[in-house]
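Q: As annotated in TrEMBL:
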- B:His130: active site, proton donor/acceptor (ACT_SITE)
- B:Cys199: active site, acyl-thioester intermediate (ACT_SITE)
- B:56-72: compositional bias 'Low complexity' (COMPBIAS)
- B:53-72: region 'Disordered' (REGION)
- B:12-32: transmembrane segment (TRANSMEM)
Amino acid sequence: MGLVPWYDGRDGMYGWIWRHLPGSTWVRALISLALVVAVVYVLFQYVFPWAEPLLPFNDVTVDNQ
Amino acid sequence: MRVIVRTVSELCITVGSVIVLFVVYVLFWTGVKADGVMDDQIELLQEQWARSSTPPAGAGSSTANTASPPKPAPYAKGKPFAIMHIPRLGFTWNKPVLEGTATGTLKKGLGHYAETARLGQKGNFAVAGHRRTYGDPFKDFPRLRRGDAVVLTDGTTWFTYRIDKGPYKTVPSDIEVIDPVPRTSGYTRPGRYLTLTTCEPEWGHSHRLIVWAHLDSTQPVEAGKPEALRR
């Protein structure tokens with residue numbers, strides 16, 4: 001075993017996720033879509049609002065409150 | 001070896017997608033969210049004003065003879081208290097003004113520097129706003145010129161300020177620009193002034209852009225919209 005669970009030489013991590021999803025191709029595609037939506041939701045709702053103030057667009061005052 | 005190459009390339013794709021999503025978030029989604037929030041703030045204000053406009057008319061008569069009007073309640077931190085119109089930035093351009101300049105407050109509208117004068121009072125009424133992101137309220141800030149109107153209302157009065165000194169570029173530590181009598185603006189006497197600040201360059205934070213205005217006229221809301229807002 002290597003450092004990552006998909007270390008078996010067959011395909012990458014996305015392939016590994018795909019192979020571990022249950023059901024037919026269509027069910028897998030649907031689950032994948034749901035996963036992508038969930039990841040985007042978490043990013044937009046939690047991660048980006050946290051990261052955005054670290055960028056300079058917020059500095060509009062002269063006294064840096 | 002193949003696994004390393006594959007993992008690295010998949011990571012690159014993942015990081016790239018996240019960066020693209022982040023750009024979409026900053027450029028587009030903050031604007032969508034801010035427009036909704038600002039509309040909510042304006043609605044909130046108008047509801048408040050509609051509710052409070054009826055009682056004082058009857059209640060005020062008994063205390064009408066006191067020497068000076070009672071001191072108005074301080075603005076509540078993080079809450080909207082006025083709406084600003086700047087015809088130069090667009091005929092329909094109007095934004096809520098909230099108390100304080102905290103990051104969270106500026107996401108909901110323009111921020112009034114808490115230590116500066118109240119609207120229409122002696123001193124300097126200073127307001128900060130985003131140039132970019134969160135609805136881009138001050139995107140066209142450099143287009144402001146001497147003589148342009150900045151009109152505010154607190155629900156009872158219209159305040160029309162006229163810009164005296166157009167976009168002035170300074171450094172972020174130059175807090176003198178929001179002094180009661182901002183020296184670099186050319187004002188020498190105490191008066192009723194207004195200062196707007198935003199960032200410069202558009203996407204950066206190395207400098208600030210400032211405009212100064214003086215109070216030109218006031219009129220009660222019953223008298224209708226001021227000259228500057230009529231088409």
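A Cβ is built for glycine as well, from the same backbone N, Cα and C atoms used for every other residue.
Caution: TrEMBL annotation is automatic and unverified by curators.
In the displayed structure, how are the listed features positioned relative to their neighbours?
A: B:His130 (active site, proton donor/acceptor) carries neither a helix nor a strand DSSP state and counts as coil. Over all protein chains present, the Cβ of B:His130 (active site, proton donor/acceptor) has 26 other Cβ atoms lying within 10 Å.
Classification of B:Cys199 (active site, acyl-thioester intermediate) by DSSP places it within a strand. In sequence order, B:His130, B:Arg131, B:Arg132, B:His205, B:His207, B:Arg208, B:Leu209 make up the list of same-chain residues 6 or more apart from B:Cys199 (active site, acyl-thioester intermediate) whose Cβ falls under 8 Å from its Cβ.
When Cβ-Cβ distances below 8 Å are used as the criterion, the transmembrane segment (B:12-32) is approached by residues 107, 133-136 of the same chain, each at least six residues removed from its ends.
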